[in-house]
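**Q** Here it is, the structure, as structure tokens.
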């Protein structure tokens, strides 16, 4: 039998698929990050985590790689430049970043900075996001796409922003907004830049398939678009209608769905131009997917196309439609937020403990033990590769009989415990044999998951990976070290919350979703770190404070190519995670009042001799220190490592 290699780990965790071109396994068996792509410098993630801990930041931590964000923006623009060249398209591409995908200030500021050479703009879906866009975007010629529900204040703010040199397009998504826009334009004496969102009949795919169609939340029907044109003509504002927008949903995994929508949208664009609107832009919305599982298929966690193919199809659709009708082609706009921000963030957390189902060789039953126990032991001894299905059926039947006998009072608690241990011992033996079979019977398919260990991890699913809980989103998860060792354990992940939903028990697989993750045994006095990858889109802003676990520590890393060696990076920003005082304040608790309440209670206990002076001092020290401390657990091993 060959020794385990890092290539075995790479294949197991599919890092060559979902990680391309930013993540790999290095010769040390650690995950390496290549923020600028293969061959342009790399960072050992395990060493980086150790370095950050030495600076006093504890687990869990979110690490953002600024260079990945810059590279994603550059790649997207390069793909459209190539598509425009390939099709001899007489127009340009101007992307916008949807602020809702990740509204964190450092992220938005970096998007604007890295997008400046490409006139990369911002998309706002609400009034607060519009305020962010106006305060952050200073790039001449960059677009601000104003989406979402709008009131008069929203629209007037967007119109007045033109006086500052911005290019804000107010996109009509509900017919009612047209009246507000016309009134605001007349009131302020500002000719607006107007877009309309079309409600396409082409359906999306997956969870967000209802973003289009007759019952879609946003957008105008064909009849409503005709009425918009008529009313704009009547108000002498048809010359302001310059942009068509559509959106068929997020994470579109199948390219044929995108092609169908593009054909329909390009026809709408041409018709608007022929109706007299001086159309100049088409915003194709989002949908550019991420390959979370590395399978390169149309599975919901993957995609069957690449970024270049996507750009080719967008350009080709409008080139063909406009040529056919002799209409000038539009400047192309996309809102590819997930594709831009997903790769840049890695959540790293440590394992706090493990619960195993391991039983070993059972002792033979005594002659006077109940027949159920003897039957279970006999089943255990007779398990072979040829009878695993029969043995499992027998063991399951005997276990059910044991539970019935216990409920009727014919079996004691100790005997029930013995029967359960024998049953799980049978399952363990069967599972070890099943793993070697070419074909696994359906009834035994769940055995791996049922026998899996539980790895208790220092993070909150609800705070750091809410989509995993809410919509069964799959994220690549793997150890960030020890990848030159075979991971012989099978486990699921449990978070710190007191909630049975606080777990991850679905993991990426090349052909399907698997119920367990291959992991290593946790060694005493040695940390075990796991990484959750591709979670830079939506997770931070959607995360909630279930059980009052707050934001994690966050660091921004920038590759410093002129500094060779393991320290070839800079910590650009450090954002400390929430303290207990901060999360308590969110739910209207005053930490001073809480501390004073404990002090009074302690003094009362001292007077009544229910607590000693040293105990009261220790309690108050713990209480006060906790108020200023991190909401997550502090592993004593973390403290020791940070001090080294």
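Positions of Cβ are set from backbone N, Cα and C atoms, glycine also.
Swiss-Prot lists 282, 283, 284, 285, 286, 287, 288, 289, 290, 291, 292 with the feature substrate binding site, giving sequence analysis as the kind of evidence. Residues or ranges marked as N6-(pyridoxal phosphate)lysine by Swiss-Prot on the basis of sequence analysis: 100.
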**Q** If you skip the near sequence neighbours and keep only those at least six away, which residues in the chain come within under 8 angstroms of the residue listed as 'N6-(pyridoxal phosphate)lysine', Cβ to Cβ?
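**A** When sequence neighbours closer than 6 are ignored, the residue listed as 'N6-(pyridoxal phosphate)lysine' has 123, 125, 126, 129, 337, 538, 541 within Cβ distance under 8 Å.
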**Q** Can you tell me how many other Cβ atoms are located within 10 Å of the Cβ belonging to residue 292 (substrate binding site)?
**A** 25
**Q** If we count other C-beta atoms within 10 Å, could you say which of the binding-site residues 284, 288, 290 has the fewest?
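**A** So among 284, 288, 290, the binding-site residues given, the one with the fewest Cβ atoms within 10 Å is 290.
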**Q** Pick from 282, 286: which of these binding-site residues has the biggest number of other Cβ atoms within 10 Å of its Cβ?
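**A** Selected residue: 282.
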**Q** When DSSP states are folded down to helix, strand and coil, where does residue 100 (N6-(pyridoxal phosphate)lysine) land?
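**A** Reduced to three states, the DSSP call for residue 100 (N6-(pyridoxal phosphate)lysine) is helix.
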